[in-house]
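Peer 1: According to Swiss-Prot, the record shows the following:
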ACT_SITE  203  active site, proton acceptor
BINDING   15, 16, 17, 18, 19, 20, 90, 118, 150, 267, 293  NAD(+) binding site
BINDING   118, 267, 268  substrate binding site
């Protein structure tokens, strides 16, 4: 049993996709009741009747103390922690419509707010927590990041993630709330918020590259090289944007990158496999219920890298394949034909121990 964890009366989750549902299952172990916001009222009723999110996470029974609702205010009322798991490109629209609910029911009671969405907003090049900060200025916002396939989280399989906040005490507060007493979902605290968000966004793009390698028929050596070099791209952008680098070689960076780049449970990896096999992005979109996050992230990531003069060759080639009529085979040939260089790169700055 894990000591020092915190229990609450009520939790709220905005976003009912696979990961939002999975995190709600975790909260249900820590709260007397949990409410999940789902945009479709009829579907919310079906989920409550079946005790299963048949739309986004079939095969994972939902706890009895977890309910879905299409009423955002009902979801927020009385919550002692609020998680956001709304897709990044739709986050701003939700907040424009519902931020008054957060101010009335969350900010006024100093409730912890945790961003769990991943990606980069196309219009602003902001990360999810930065978008939320525009609507809740000067309010402490946490982030959850790390290797966590939704179905495994929902079924209580062993998972470790990071909780991040600018104030380490807030990160630790969220850590105590989200960590389950049986240790099946365990959190580690950090202050490298931007590092967590960058890693969470970039690993999806890099997973497309890894899947494309698989689709082209390569084996483990090539994937290991891609993961290693991809990790350095995460590091370079993190340092360019002012992160400490603490998250890069931990759970949000290395951990999530290894998971997402190595399993067909990852939608991003699967999209990459299909691209490597010569299937067009249009055909993939047409035959898929949900598009992988990395597809939406690759384009704003390309612009963000240029803005900060960050050299991200692997991510750049993913962008070329997705949006510039590139070919996966030619892209990898180009990457493997680049100018010879030293492996030794500047070390990460030292960070204080947590």
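Here the Cβ of each residue, glycine as well, is placed from N, Cα and C on the backbone.
Neighbours and distances for these, please.
Peer 2: For the recorded site, residue 203 (active site, proton acceptor), the DSSP three-state label reads helix. Sequence-distant neighbours of residue 203 (active site, proton acceptor) (same chain, six or more apart, CB under 8 Å from its CB) are 230, 234, 253, 256, 257, 260, 261, listed in sequence order.
Just so you know, the Cβ of residue 17 (NAD(+) binding site) picks up 18 other Cβ atoms within 10 Å once every protein chain is counted.
Under the DSSP three-state reduction, residue 267 (substrate binding site) is assigned to helix.
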Peer 1: Compute the mean position of the Cβ atoms of 118, 267, 268, which form the recorded substrate site, and then list in sequence order the other residues of that chain whose Cβ is within 8 Å of it.
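Peer 2: What remains near the Cβ centre is 204, 207, 260, 266, 292, 293, 294.
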Peer 1: Could you check which of the binding-site residues (118, 267, 268) sits closest to residue 15 (NAD(+) binding site), going Cα to Cα?
Peer 2: 118
Peer 1: How many whole Å apart are the CA atoms of residue 19 (NAD(+) binding site) and residue 118 (substrate binding site)?
Peer 2: 11
Peer 1: Looking only at DSSP and grouping its letters into three states, which state does residue 90 (NAD(+) binding site) belong to?
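Peer 2: For residue 90 (NAD(+) binding site) - judged by DSSP and reduced to three states - the answer is helix.
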Peer 1: Relative to the Cα of residue 150 (NAD(+) binding site), which of the binding-site residues 118, 267, 268 has the closest Cα?
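Peer 2: The answer is 267.
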Peer 1: Round to a whole number and give the Cα-to-Cα distance in Å for the pair residue 267 (substrate binding site) and residue 293 (NAD(+) binding site).
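Peer 2: Residue 293 (NAD(+) binding site) has its Cα 8 Å from the Cα of residue 267 (substrate binding site).
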Peer 1: How big is the gap, in Å, between the Cα of residue 293 (NAD(+) binding site) and that of residue 268 (substrate binding site), rounded to a whole number?
Peer 2: 7
